[in-house]
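Quick look at what TrEMBL lists:
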SITE      14  site 'Transition state stabilizer'
SITE      21  site 'Transition state stabilizer'
SITE      154  site 'Positions MEP for the nucleophilic attack'
SITE      210  site 'Positions MEP for the nucleophilic attack'
Ligand code: CTP
Ligand code: MG
């Protein structure tokens, strides 16, 4: 069984909006509703666990759950202080029949079912997989003094996105080790890497952006408008 954990318990502070960014409207629908819809429509996803802010249960009910009536959303749990804490709360809520867990940012509404499939397939084969895209620009690694230390070969540098998918044993163990060793990662693949595990990179789409700042909303609207015409 494949379970998706969708994270929406952040504060959205960089968006500087009145409302948590997940509930802002993108093409007549809240961002989070777009995101959940993709997992709801994927035949590979059996259950969805939604992780939201403890203060936004009513908001989520009113803006999303009552209106869209997603059948696969089986549990709604409150998130934690950092993203990693929210993920762990989601992992602790997965059904005991779960083999593969997908972890996805609620703020990435433009993923596709095809990317979900590639990610699940790789997690089944390798135990851990992350979606990402090759970097388009040249990266510089800086010293603290803001002088360039070195330039990594561009073909080896990818931008990470979500979903990331794992066998349940791998991701549970990675979070246990992170707690024991007080590691706080910005994604879940990092925790698997930290315990020496291999993470397979799966090529996704450049369009699978994370809505972080106001200009990302403009980009997302444009991508959706373009998709409608193809
Ligand atoms: N997230 C979460 N719990 C947290 C922090 C983040 O569930 N404690 C989620 C966010 O809701 C988002 C995803 O993780 O869908 C990626 O995080 P980010 O884009 O940084 O969102 P926010 O933390 O909400 O935004 P900001 O950092 O600007 O406050
Ligand atoms: Mg954040």
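In case you wondered, yes, glycine gets a Cβ from its N, Cα and C as well.
Shown here: features listed in TrEMBL, placed on the structure.
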residue	record	contacts (Cβ under 8 Å, 6+ apart)
14	site 'Transition state stabilizer'	212, 213
21	site 'Transition state stabilizer'	10, 12, 15, 31, 107, 211, 212
154	site 'Positions MEP for the nucleophilic attack'	134, 135, 138, 139
210	site 'Positions MEP for the nucleophilic attack'	105, 107, 108, 161, 216
Need the DSSP three-state call for residue 154 (site 'Positions MEP for the nucleophilic attack') to compare against my parser.
helix
Which recorded sites from the set 14, 154, 210 come near ligand 1, judged by a Cβ under 6 Å from any of its atoms?
14, 210
